[in-house]
Amino acid sequence: MSGGSTGERPFSDIITSVRYWIIHTITIPSLFVSGWLFISTGLAYDVFGTPRPNEYFTQDRQQVPLVNDRFSAKQELEDLTKGL
């Protein structure tokens, strides 16, 4: 079976075209800037529901929230999350 043409443009033709670079000189930096803003504004914490670095430990709870006994894990989790 010989290797036939699939009708697609060769990759070398794509990356040497002016249209490719006009499009990508806009999209690649804009993706970088939007990602940087997503992280630096703290929106990533809100979207994914993770606590901010200053919210891991409250004034009331300074210990690390670990579950020690797997058989009473539900009760331990309720005790740990009571103040949240």
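The backbone N, Cα and C atoms fix where each Cβ goes, and this holds for glycine too.
Swiss-Prot lists transmembrane segment for one of the ranges 22-36, 37-51, namely 22-36. The Cβ of HIS24 (heme binding site) has 11 neighbouring Cβ atoms from other residues within 10 Å, across all protein chains displayed.
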